[in-house]
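Colleague: Before I ask anything, here is the structure I am working with.
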Amino acid sequence: MTIALGKFTKDENDLFDIMDDWLRRDRFVFVGWSGLLLFPCAYFAVGGWFTGTTFVTSWYTHGLASSYLEGCNFLTAAVSTPANSLAHSLLLLWGPEAQGDFTRWCQLGGLWTFVALHGAFGLIGFMLRQFELARSVQLRPYNAIAFSGPIAVFVSVFLIYPLGQSGWFFAPSFGVAAIFRFILFFQGFHNWTLNPFHMMGVAGVLGAALLCAIHGATVENTLFEDGDGANTFRAFNPTQAEETYSMVTANRFWSQIFGVAFSNKRWLHFFMLFVPVTGLWMSALGVVGLALNLRAYDFVSQEIRAAEDPEFETFYTKNILLNEGIRAWMAAQDQPHENLIFPEEVLPRGNAL
């Protein structure tokens, strides 16, 4: 930071400039303007999650035990969504539901909205942090653009989907087993695995894993012979100007393997950015569609034929029956307030039974 001698003018002593200088100065942990959003929101979201999983029951919202205090472990504890009867209430601590009573607020599921909203703004703050730092050191903003993928998925699953349904109740609770249950719910009620947006998301994420593995292995395979260091990380000076691996050798190797190969580093790395981020965006779009109850692929002709012909069955018709079973079980289990009772004759049976 440059210090100029002399009197400050009004412009130089402006409060914004003082704040800007303090927030953006070089320190071990960069704060920045984005930090005003990121750090408080991340602190409250993580703190709320630890508080909920440690102490707070889901008995009043789901009829479940969900905390360490009740005997759950890391995989089964969760911060559960509010009850279906509370619809889309923000469940503010000082609102009409809890009326300032912290214990009642926790019992009603107030920690879920607290964690979800602070978590969403915390993620947005982290993306803005990447924008801010990139601008400060004159980098392109592709890191921030890439991080918009996870943000889109989080916002679509935890906020937009339940907003399209009857309440926060149908969002995922914040816990490992709770997320698994939500995945089963998505399959049973939306046939999510047959949704083309889910297919694009899977292709993006798994394709990105494949690209990452291939890229890392190829770079390791084509490293130039280096110094005496015991491993790759010590052998090179991190500030050296020369390349550490041979793009030409890598190109020739993959040209022989596949017949085609990336010949340009920018295109190769853009492709590695494009595949996973596009997959995440497509998944988020698909979840927005589910919020509106848009359907996945339906092969009705196969369903009709399977219903008429006891000897005809496909993997698709078997999965449809499985979805019906999930719905019949989950609806009664998850929504006891609806008093849903399914007689035996309406429960799904495969032709093989």
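Placed from the backbone N, Cα and C atoms, the Cβ positions cover glycine too.
Pulled these features from Swiss-Prot for this protein:
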MOD_RES   Thr2  phosphothreonine
MOD_RES   Thr2  N-acetylthreonine
TRANSMEM  41-61  transmembrane segment
BINDING   His118  chlorophyll a ChlzD2 binding site
TRANSMEM  125-141  transmembrane segment
BINDING   Gln130, Asn143  pheophytin a binding site
TRANSMEM  153-166  transmembrane segment
TRANSMEM  208-228  transmembrane segment
TRANSMEM  279-295  transmembrane segment
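How buried are these features, and what lies next to them?
Modeller: In this structure, His118 (chlorophyll a ChlzD2 binding site) is part of a helix by DSSP. A C-beta separation below 8 Å, combined with a sequence spacing of at least six in one chain, links His118 (chlorophyll a ChlzD2 binding site) to Cys41, Ala42, Phe44, Ala45, Gly48.
Tertiary neighbourhood of the transmembrane segment (125-141): same-chain residues 24, 30, 32-35, 37-39, 41-42, 147-148, 151, selected by CB-CB distance under 8 Å and a gap of 6+ residues from either end.
In the shown protein chains, 15 other C-beta atoms lie within 10 A of the C-beta of Asn143 (pheophytin a binding site).
For the transmembrane segment (279-295), the residues of the chain that approach it from at least six positions outside its boundaries are 148-150, 152-153, 155-157, 160-165, 186, 190-192, 195-198, 200-205, 207-208, judged by C-beta separation under 8 angstroms.
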Colleague: Which residues in the same chain, at least 6 apart in sequence, have a Cβ under 8 Å from the Cβ of Gln130 (pheophytin a binding site)?
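Modeller: Residues satisfying the criterion: Pro141, Asn143, Ala144, Phe147.
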